[in-house]
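Colleague: Before I ask anything, here is the structure I am working with.
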Amino acid sequence: SAPRCYLNKQLHGVRVLKGEPAELSFTVSKHGVTGTWFKDGLKLTSMDGVRFEKQGLVHKLIIDKVEDIHAGKYRFEGGDIKTEASIFIEDPPQVDRVLLKNLTTVPTVAKAGQKVNIKIPFEGRLPIRAMWLKDGMEVADDTRVRVDKTETFTMLTISSSERKDGGDYKVRLGNDSGVLDINLKLVVIDRPQPPAGPIKIVESSADNITIEWQPPKDDGGKPVQNYIVERQQVGKSDWVPLGETPRSCTTFTTNKVEQDTSYYFRVRAVNAEGASDALESHEVKAVGKASPGAPDPPEIVSASRDTVTISWKAPRKAGTSRIAGYIVQKRKKGTVTWLPVNNVPIADKKLKITNLKKGLQYEFRVAAVNAAGVGDASEPSQPVLAQDPTKSPGGVQDLKVSSSDSTSVTLTWKRPEVKDGSDVKGYEVEMRSPNSLNWTKCNAFPIEMTTYTVKGLQGKGTYFLRVRALYDSGPGEAVELEARIEAAAPVVPPRLLIDNKVKNFLTIKAGNTIRVNIPFEGSPDPTVTWLKDGLPLPNRATVNTKDGTTQLLVGAAEFTDSGTYTVELQDGSGKRVTFSFQVQVTDIPQPPGAIQLKENVPNTVTVTWEPSASEKWENNLYYTVLKRESPKGLWHVVGDLIYTNKFTYTRLISDRDYYFSVVAKNELGASNPSETVQPWRIRKPKVEFRVKPQQYRGVNQGQPPRFLVALKPHVVTTGSECRMSCAVGGHPPPKITWYKDNKDLSNDPAYFCTNDFGVCSLVVLGVTKHDEGEYRVEATNELGRAFSRAFLTIKGNN
């Protein structure tokens with residue numbers, strides 16, 4: 001019986017990395033079988049890097065180090081049985097290991113203003129796509145930053161680096177065999193920013209002035225070493241150095257001042273790169289010692305027929321020295337003369353005043369004393385009647401809590417029933433916590449209304465509140481109640497709810513509206529801030545924030561509205577979260593300028609044109625060149641994705657007219673064409689020549705298919721036309737078959753295939769998102785096969 005062959009399935013149709021070993025083995029059913037190996041239909045007798053082995057029933061084809069020439073379909077024949085296996089060579093982008101380790105582990109450090117060049121050589125199957133990203137956004141060329149890419153390297157160039165250029169970068173290299181991501185860090189060091197202000201005047205006197213500031217928000221990438229303090233006298237131009245402080249000290253005291261003279265102070269932060277710009281203070285005057293401010297009005301603690309006890313609190317402003325004591329004064333109600341109660345300051349903040357006349361009303365006031373003297377006196381206390389205490393007048397009625405939240409309680413009550421003719425002068429409200437027996441007064445002056453809101457309470461707790469009516473004879477009976485405050489809503493850190501609906505890059509047609517909605521959460525409600533290119537929004541932009549969504553709205557977008565927009569959330573603790581996205585305002589390009597044709601190289605024509613005016617604002621503009629051979633013939637694309645203003649067409653035929661047209665394109669569409677008016681013709685030279693017979697050498701009949709020009713990736717917008725082309729050689733002429741995601745497109749009416757003397761094209765009219773994917777063209781003849789792949793990416797119109 002005929003021998004049977006068994007395929008080693010583990011290596012059937014696998015993809016092998018370039019440089020790795022590969023092995024194909026087939027097992028026959030009996031000894032004595034002589035097998036033959038074929039590659040792409042050609043019999044293999046010898047091939048570089050390939051060896052054949054036979055071990056018993058097993059026939060092996062071994063490749064020690066796979067190269068591009070080893071890719072193809074292999075066949076083993078033994079008897080009348082044939083079996084096949086294919087090897088696909090994968091050659092993904094690669095970078096030298098030592099360079100890759102240095103890039104990913106050692107940050108690139110540059111000083112501000114220096115030129116930065118980061119060059120990354122690579123290897124792999126062409127074409128290799130290279131993309132640079134910073135903080136998740138693709139790096140775009142501008143006046144300072146440029147990204148270059150050749151077939152062997154990619155390079156980031158920053159002509160004059162700035163602090164904002166520092167950060168995390170990712171270089172993404174990709175081809176048909178895979179993707180390589182390289183993460184690297186760029187650090188740009190500079191002088192620090194000025195210290196954070198404003199400069200505070202901690203103390204000012206005739207002898208010295210003490211100032212205070214905050215560290216800079218950005219230390220320039222190097223630790224702050226110290227601060228330099230200078231002083232300028234008002235009316236003079238020179239600055240006088242006062243001294244330095246270490247990085248840990250942000251206060252400075254100078255005694256180089258003169259009384260009643262005004263000064264400015266400035267502070268600079270210093271790191272290893274130099275000193276920052278200065279933070280300057282407002283005008284500061286060296287004045288003598290200041291006396292204390294006025295305390296709050298004293299409170300009546302108790303009263304009898306000839307004594308009254310009062311108490312008070314220290315003033316909010318103590319002056320330039322500590323408070324030594326207090327002076328108390330009294331006067332009869334209705335008079336203007338204040339009489340001293342004590343001539344020597346007392347340290348206590350409570351005093352019993354004696355020797356008062358029964359039946360008279362008195363008022364009291366207090367002044368604090370320090371080294372500068374007696375300060376301002378307080379406002380008078382409430383009038384108090386000197387008489388023995390009697391039964392307290394009636395209390396308020398129907399005291400209750402009308403409303404409350406996590407920080408406040410609102411009380412309401414009714415006037416007390418007064419039987420002895422006493423007149424209510426007002427009300428006072430007091431409170432205490434369950435852990436204290438001391439009552440705190442809530443209102444500084446008598447309340448005239450029968451309602452009051454106690455504010456500033458801590459969430460989730462119980463408080464005791466009481467209300468008393470005030471009479472000429474003193475406060476009435478206190479009415480008390482217990483109030484419980486519920487817990488505040490749980491604190492939720494601010495968070496931006498970014499999903500797939502929120503894009504990192506928006507392309508807006510000029511004149512349309514920029515409208516971006518960003519949902520967020522946070523409790524309490526965070527503060528929402530919008531910025532454009534790091535600065536406040538222009539007046540044309542409006543922001544509306546409510547119900548957990550903030551909206552940016554710019555009507556009738558202009559080209560100046562292009563840029564980076566940032567939304568920032570900040571809660572009460574200072575925690576911030578941000579999200580940035582780019583907006584590109586563009587329009588259908590304006591047509592190119594006049595076209596000129598020149599024959600710089602014999603039998604070719606170089607087409608040059610004036611740039612489209614849209615190049616001033618459009619970063620992704622490119623050109624397409626078309627030609628036709630009669631004034632009313634069909635236009636054919638001869639050049640696409642051209643980013644310069646020049647194109648050379650080589651396939652000219654003498655004594656034939658050519659007309660050329662150029663259109664500018666971007667993501668939104670194509671401009672009106674700019675066309676040549678007169679035809680272009682290359683005249684065939686009329687020269688005499690002699691034909692010298694040559695010896696006939698025969699025709700080379702053995703040429704397997706090969707790609708002279710491979711397919712290239714395409715990026716087109718929805719609804720436009722896509723033309724993918726390649727050039728194929730081989731004899732006999734290869735059969736061309738197109739595939740999309742491994743599906744044969746030969747009989748698909750949505751695709752139009754052409755083959756003009758080896759120049760093969762696939763045309764997709766009116767592309768949709770459905771057309772996105774991997775396309776493969778396969779060339780086959782009886783001597784073998786070859787293929788080329790490329791990816792088609794579809795972008796939307798918005």
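Cβ from N, Cα, C; glycine included.
Below, the features straight out of TrEMBL:
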DOMAIN    194-290  domain 'Fibronectin type-III'
DOMAIN    294-389  domain 'Fibronectin type-III'
REGION    375-402  region 'Disordered'
DOMAIN    395-490  domain 'Fibronectin type-III'
DOMAIN    494-578  domain 'Ig-like'
DOMAIN    591-685  domain 'Fibronectin type-III'
DOMAIN    705-793  domain 'Ig-like'
Colleague: Determine the mean pLDDT over the domain 'Fibronectin type-III' (294-389), rounding to the nearest whole number.
Modeller: 89
Colleague: So, by DSSP, how many helix, strand and coil residues make up the domain 'Fibronectin type-III' (395-490)?
Modeller: 0 helix, 48 strand, 48 coil
Colleague: Count the residues of the domain 'Fibronectin type-III' (591-685) that DSSP assigns to helix (H, G, I), to strand (E, B) and to coil, and report the three numbers in that order.
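Modeller: Split by secondary structure, the domain 'Fibronectin type-III' (591-685) comes out as 4 helix, 41 strand, 50 coil.
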Colleague: May I have the DSSP-based helix, strand and coil counts for the residues of the domain 'Ig-like' (705-793)?
Modeller: 3 helix, 58 strand, 28 coil
